[in-house]
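Okay, so here's the structure we're looking at.
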Amino acid sequence: MLVWVADFLAQYFSIFSVFQYLTLRAILGVLTALLISLLVGPVMIRKLSYYQIGQAVRDDGPESHFSKAGTPTMGGALILVAIAVSTLLWADLTNRYVLITLGVTLLFGAIGWVDDWRKVVERNPKGLPARWKYFWQSVFGFGAAVLLFKTAHLPQETTLIVPFFKDITLALGVGFVLLTYFVIVGGSNAVNLTDGLDGLAIMPTVMVGGALAVFAYLSGHVKFAEYLHIPYLPGTGELVIFLGALVGAGLGFLWFNTYPAQVFMGDVGALALGAALGVVAVIVRQELVFFVMGGVFVMETVSVILQVASYKLTGRRIFRMAPLHHHFELKGWPEPRVIVRFWVITVVLVLVGLATLKIR
């Protein structure tokens, strides 16, 4: 929004032309979202506490979690507000990638909001029924996939890129829609499953989001893309603003979500952030790299799938409890140790993902 104002003023005052620089707007996007989170966070936490919008804790969960009962939740709404405001202020709102990504993020956040509202405010322990949650995730995920496919102008926009191999690609055709659907919906649910400990989900989300910003910037720059043998995708650079806002909002939220948490993000945050990472990974054609960098999310999801499958087929459990972070808690690991070690794993995996830019 402010880009338009700056463009107009630049006709009369040349200093405003600096706002045409993507890097400056990205920095401002990070700082804007960070400040919104830090300034609004305490007010939101007080309001959530006043209206008793607190986390319900499972009776069959780790005993160490019983003390978390009543901790304010639905704090993910703060993240979404910070991202939306910062993006609307600093991004080019004529860019289709920005609009699609922001739209998907807010729509998945709406699903999470309804689920949280039913659980916390209406005191319905089931929240939004799983079939309806998955239905709306499918509607929005499939809708985004079709929209990206129909608006694709270049062959590389629907081509699967294989990491570490510059000459191995796969033209997906309509298969792009199916892959996009699974990446968006899968990413959404994976982050949601990971969000079980204080700060466990938000920091990997910030790290993966920051890495995807690097891919978005380089893919949108013709010379860098050619040099690194990655697809040149005009317009993806503008996603750096959105991802910068995500990073800033996430860091601001972590200020209050770090152990011991003052607030939880809830489904409104987790579902939205996972979908955001997924849709960006698709746009910059780095789905497989996203799978690597988001390895913690993948591990958490696979642990649940294996646990359920094993119990149904054999009557036995593979893990003491799923998702995986609960397994380590029940093995005696203190919560901060689980969190930090999962962060360390994410740092390593993100570096591996970034290494694919050069190792081809």
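Positions of Cβ are set from backbone N, Cα and C atoms, glycine also.
What you are looking at is a predicted structure, and each value in this text was computed from that prediction instead of being measured.
For 2-22 (among others), the entry in Swiss-Prot reads transmembrane segment.
Residues annotated as transmembrane segment in Swiss-Prot, with sequence analysis given as evidence: 26-46 (among others). Sequence-remote contacts of a segment are chain residues at least 6 beyond its ends whose Cβ falls under 8 Å from one of its Cβ atoms, and for the transmembrane segment (26-46) they are 72, 75, 77-79, 81-83, 85-87, 89-91, 213, 240-242, 244-249, 251-253, 255-256, 262-263.
Per Swiss-Prot, the feature transmembrane segment maps to 73-93 (among others); the stated evidence is sequence analysis.
Taken from Swiss-Prot, the feature transmembrane segment applies to 97-117 (among others).
What Swiss-Prot records for 134-154 (among others) is transmembrane segment.
Residues 104, 108, 134, 137-138, 140-142, 144-146, 148-149, 152, 155, 158-162, 270-272, 274-275, 277-279, 281-282, 287, 290, 294, 297, 301 of the same chain lie 6+ residues outside the transmembrane segment (168-188) yet bring a C-beta within less than 8 angstroms of a C-beta in it. Annotation source Swiss-Prot lists transmembrane segment at 168-188 (among others), citing sequence analysis.
The transmembrane segment annotation in Swiss-Prot covers 199-219 (among others) and rests on sequence analysis.
If one looks beyond the transmembrane segment (236-256) by at least 6 residues along the same chain, the residues whose Cβ comes under 8 Å of a Cβ in the stretch are 22-23, 25-27, 29-38, 41-42, 45, 75-76, 78-80, 82-83, 86-87, 90-92, 95, 97-98, 101-102, 199, 202-203, 205-206, 209-210, 212-213, 216-217, 219-221, 262-263, 265, 269, 273, 276, 280, 283-284. Among the features that Swiss-Prot reports, transmembrane segment is placed at 236-256 (among others), with the record citing sequence analysis.
Taken from Swiss-Prot, the feature transmembrane segment applies to 263-283 (among others).
Here Swiss-Prot flags 288-308 (among others) as transmembrane segment. Away from its own ends, the transmembrane segment (288-308) comes close to residues 160-163, 183, 186-187, 189-191, 193-194, 204, 207-208, 211-212, 215, 274, 277-278, 281, 317-319, 322-325, 327, 342, 345-346, 349-350, 352-353, 356 of its chain (Cβ-Cβ under 8 Å, at least six residues beyond either end).
Sequence-distant contacts of the transmembrane segment (339-359) (same chain, at least 6 residues past either end, Cβ-Cβ under 8 Å): 163-164, 197-200, 203-204, 207-208, 210-211, 214-215, 218, 228, 230, 259, 286, 289-290, 292-296, 325. Residues annotated as transmembrane segment in Swiss-Prot: 339-359 (among others).
The list of residues near the transmembrane segment (134-154) in space but at least 6 beyond its ends in sequence, with Cβ under 8 angstroms from a Cβ of it, reads 96, 100, 103-104, 107-108, 111, 174, 176-178, 180-181, 184-185, 188-189, 233-234, 271, 275, 279, 282-283.
Sequence-distant contacts of the transmembrane segment (2-22) (same chain, six or more residues past either end, CB-CB distance under 8 Å): 89-93, 217, 237-238, 240-241.
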